[in-house]
Amino acid sequence: MLAVQRSAVVPDSLSVPSNAPEHCPGTESELAGKADACNGCANQEICASNTPKGPDPALPLIRDRMATVKHKILVLSGKGGVGKSTFTAQLGWAFAADDQIQTGVMDVDICGPSIPTIFGVALEQVHSSSSGWSPVYVQDNLGIMSVGFMLPSSRDAVMWRGPKKNGLIAQFLKDVDWGDLDYLVIDTPPGTSDEHLSVVQYLKESGIDGAVLVTTPQEVSLQDVRREIDFCRKVGIRVLGLVENMSGFVCPGCKTESQIFKPTTGGAERLAKETGIQLLGKVPLDPRIGKSADYGVSFLDEYPDSPASDAYLDIIDKIKKILGSESAS
């Protein structure tokens, strides 16, 4: 069943108890204890009372943990299958190519965690210490965290309702010992649901530098990206720019480019003009991108001469300049 929300209201996922039913309005809502979803909930009487509700105890812990993270970037897509996680991985690889830059990648695509596979560490496990959970390190300056490390096998489905997802995201932010990071790249699932709301609300005090929106050229993908842009504007996240993925196909042999997914309505370029958002770049199809993801290696390192590598690096340089110029000022 899909939850229908009024477009003007953004639920506060931080105020949802861990044992709440699906579609809980949150303890801070005027409908707390009164909505249809509250019937039968163990918290209904408390929520409906006028007892003052304190702040979420996780917030100060998250604020303290995130104090050592300079830049936080969300990677979003309205539609699944557009290459968002692959782009996240290339962004992480590119940042970490500089030995002086400490990079973290947090995978909050809880029902479809692909980041461990793309980075080649799917068989690793999370370890804990007195300072918290340790990220899984791909290299000395590149650590990642994903629910994929906690599953008994890659075939196990994650069937969680919103409150349990929210709880794990809070743990990733407050309990993971990220250390001093220059960049924390957060890979999100498609759409605008629990995971997105949780990340936004939990990082409200710490601040999110912005979001990169990934799309493909066809209108069916662009429609969902428009909704993603609307989401970002409603919750106050700045959109750093658009990335058009699978933008043409480049033959690895002759380097000739042809259009596989034609931009019938103008693609990301037209959308960028309509919305006033920067088009960061277009990444052409290269079958070796998928091969690199399957084998868990950096496409940028394996195929530096590919036009797709040039496009990735150009986009990533633009993101660095946007964030770097702000840090300097």
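Placement of Cβ uses the backbone N, Cα and C atoms for every residue, glycine included.
Pulled from TrEMBL, these are the features on record:
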type: REGION; residues: 1-28; note: region 'Disordered'
type: BINDING; residues: Cys24, Cys38, Cys41, Cys47; note: [4Fe-4S] cluster 1 binding site
type: BINDING; residues: Gly78, Lys79, Gly80, Gly81, Val82, Gly83, Lys84, Ser85; note: ATP binding site
type: BINDING; residues: Cys251, Cys254; note: [4Fe-4S] cluster 2 binding site
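Positions of TrEMBL features highlighted on the structure.
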{"residue": "Cys38", "record": "[4Fe-4S] cluster 1 binding site", "CB count, 10 Å": "21"}
{"residue": "Cys41", "record": "[4Fe-4S] cluster 1 binding site", "CB count, 10 Å": "17"}
{"residue": "Cys47", "record": "[4Fe-4S] cluster 1 binding site", "CB count, 10 Å": "24"}
{"residue": "Gly78", "record": "ATP binding site", "CB count, 10 Å": "24"}
{"residue": "Lys79", "record": "ATP binding site", "CB count, 10 Å": "20"}
{"residue": "Gly80", "record": "ATP binding site", "CB count, 10 Å": "14"}
{"residue": "Val82", "record": "ATP binding site", "CB count, 10 Å": "23"}
{"residue": "Gly83", "record": "ATP binding site", "CB count, 10 Å": "21"}
{"residue": "Lys84", "record": "ATP binding site", "CB count, 10 Å": "26"}
{"residue": "Cys254", "record": "[4Fe-4S] cluster 2 binding site", "CB count, 10 Å": "7"}
Open item on the list: Around the ATP site formed by Gly78, Lys79, Gly80, Gly81, Val82, Gly83, Lys84, Ser85, list the extra residues of the same chain whose Cβ is within 8 Å of the site's Cβ centroid.
Closed with: Ser77, Pro190, Val214, Thr215, Thr216, Ser221, Asn245
TODO: Check the Cα-Cα distances from Gly78 (ATP binding site) to the binding-site residues Cys24, Cys41, Cys251, Cys254 and tell me which is shortest.
DONE: Cys24
TODO: Among Cys24, Cys38, Cys41, Cys47, Cys254, these being the binding-site residues, pick the one whose CA is nearest to that of Val82 (ATP binding site).
DONE: Cys254
Open item on the list: Which one is it, among the binding-site residues Cys24, Cys38, Cys251, Cys254, that lies nearest to Gly83 (ATP binding site) by Cα separation?
Closed with: Cys251
Open item on the list: These are the binding-site residues: Cys24, Cys251. Which one scores highest on other Cβ atoms within 10 Å?
Closed with: Cys24
- [ ] Compute the C-alpha separation of Cys47 ([4Fe-4S] cluster 1 binding site) from Cys251 ([4Fe-4S] cluster 2 binding site), stating it in Å without decimals.
- [x] 60
Task: Length of the line joining the Cα atoms of Lys79 (ATP binding site) and Cys251 ([4Fe-4S] cluster 2 binding site), in Å - done: 26
Open item on the list: Please report the Cα separation of Ser85 (ATP binding site) and Cys251 ([4Fe-4S] cluster 2 binding site) in Å, rounded to an integer.
Closed with: 23
Task: Which of Gly81, Ser85, the listed binding-site residues, has fewest other Cβ atoms within 10 Å - done: Gly81
Task: Cα-nearest neighbour of Gly81 (ATP binding site) within the listed binding-site residues, Cys24, Cys38, Cys41, Cys251, Cys254 - done: Cys251
